[in-house]
Amino acid sequence: MKIKTRFAPSPTGYLHIGSARTALYSWLFARHHGGEFILRIEDTDLERSTPQAINAIIDSLNWLKINWDQGPYFQTKRFAYYNYMINHLLNNGHAYKCYCSKNRLENIRNQQMINGEKPRYDGFCRNNYQKNIFDDLPYVVRFRNPKEGSVIFKDLIRGIIQYSNKELDDLIIRRTDGTPTYNFCVVVDDFDMKITHVIRGEDHINNTPRQINILKALGAPLPEYAHVSMIMGNDGKKLSKRHGAVGIMQYRDEGFIPEAVLNYLVRLGWSYGNQEIFSLDNMKKLFSIEAVSKSASTFDNKKLLWYNQFYIKNLSPDNIAQHLFWHLNNNCTNIVSGPPLKELVQLFSKRCKTIKEMANYCYNFYQDVCQLDPEAAKIYLTKDATKLLQRVRDKLSIINNWTKESVHNAIVQTANELEVKIEKVSMPLRVAVTGVSYSPDIDLTIKTIGKLRSIKRIDIALKLTYGDD
Ligand code: GLU
């Protein structure tokens, strides 16, 4: 049997961490088994679905490198097919027209509430359908749910789940305006798209028995189900923006890299021994749905940052450079006028938790002059330092072979000639050339910034004098 899974988001907002994890598990399951993965956009809620949300879903999956083999399918483009299937159920008696007025439904509902019963349709039209009398009136179509027995299914994560049919009323599958309803579209699509494994959030468990009954009525094979648990914030409440969780694209904007987000997500509810680090290939190889935890997971921003830092340090500089490029470019930085990005990655990868942080260090390398931090300038660009700066500037300016070593020699020689410690030279130099009092290795930094720019910046700093000494 060819394994086929799907990710079926409703495009009503950004793609959040929980949905991205569901997509990842569903995708990994398909990839692990050499199967197929489908993207289906469940956009039947016309009021809440937006094109921006559709784009956010597609962009996020692309960014995470979760690729699909078919789709994206859009449910709004498939109404004719759903209606065809509804008519089929009407014809074979698995569905019926319901003419109950809103008023009547409200009355039964109120009465049920007063009696302390669960509100449900009382089945009036199921039993009293009189074609000739009602045919001109508006109607909905309801699924004729079995009255007896129960629906039992084995959830691959949670084990056996059972619902008595008595708990399920007759679901509306077509509204009076002729549009099919959510649960019906899901079922028809899972059937039509030959989905073998439905992997989705646990908020859909309650839909499953109804969906199974409809599948049976359609004569469809039943897929396997796996309901993935919720993700909570550290206060035990459902994860939301309050906990610092944002849409996937915002993680990109904040300087996270997909490898880190994927590794974090896969571990958030799935484990393989004590292993923490999983490459994509590794995940595909090792993932199994049975090892997904059925308890809720807790979102932890610090852990995500830890993964990000790990991958920034350990992925190839070429890979990190691509992300760095995105950030610099997004901030209108022309990287042609400066060092190759790979060199900057090598310079900063050990000290940055995010690419955004790295980019902040890097802008400086693509501008002629740098902004001086007033505090650092006040401390280090003193009158005293002028002499040191001037001397090191002269030495730097006559270097022919601009390397880390030649820059280093210029600094050491200056310190020796003027009989001061190296820091006395390197700190004012650092502030003059980088604008700030912290930077990686100053020799390498100056080498990377380049000769012309470095000299230009020292000249600007030399014109400033601070302090009284
Ligand atoms: N469209 C549903 C959602 O976004 C998912 C439905 C399903 O996976 O069956 O929550």
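Yeah, the Cβs are placed from backbone N, Cα and C, and that goes for glycine too.
Per TrEMBL, domain 'Glutamyl/glutaminyl-tRNA synthetase class Ib catalytic' is recorded for 2-306.
Summarising the annotation, TrEMBL assigns motif ''HIGH' region' to 9-19. Residues 41-43, 45, 48-50, 53-54, 56-57, 60-61, 201, 230-231, 239, 245-250, 265, 268, 299 of the same chain sit 6 or more residues outside the motif ''HIGH' region' (9-19) yet have a Cβ under 8 Å from a Cβ within it.
Within the chain, the motif ''KMSKS' region' (238-242) has long-range Cβ neighbours (under 8 A, six or more residues past its boundaries) at 16-18, 230-232, 299. Annotation comment: TrEMBL describes 238-242 as motif ''KMSKS' region'.
Look at Lys241 (ATP binding site): DSSP puts it in a helix. Look at TrEMBL and you will find Lys241 tagged as ATP binding site.
Annotated domain 'Aminoacyl-tRNA synthetase class I anticodon-binding' per TrEMBL: 326-462, in sequence order.
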Number of Cβ atoms other than its own within 10 Å, given for Lys241 (ATP binding site): 12
Tally of DSSP helical, extended and coil residues in the domain 'Aminoacyl-tRNA synthetase class I anticodon-binding' (326-462): 97 helix, 1 strand, 39 coil
Secondary structure content of the motif ''HIGH' region' (9-19), with strand meaning DSSP E or B: 3 helix, 0 strand, 8 coil
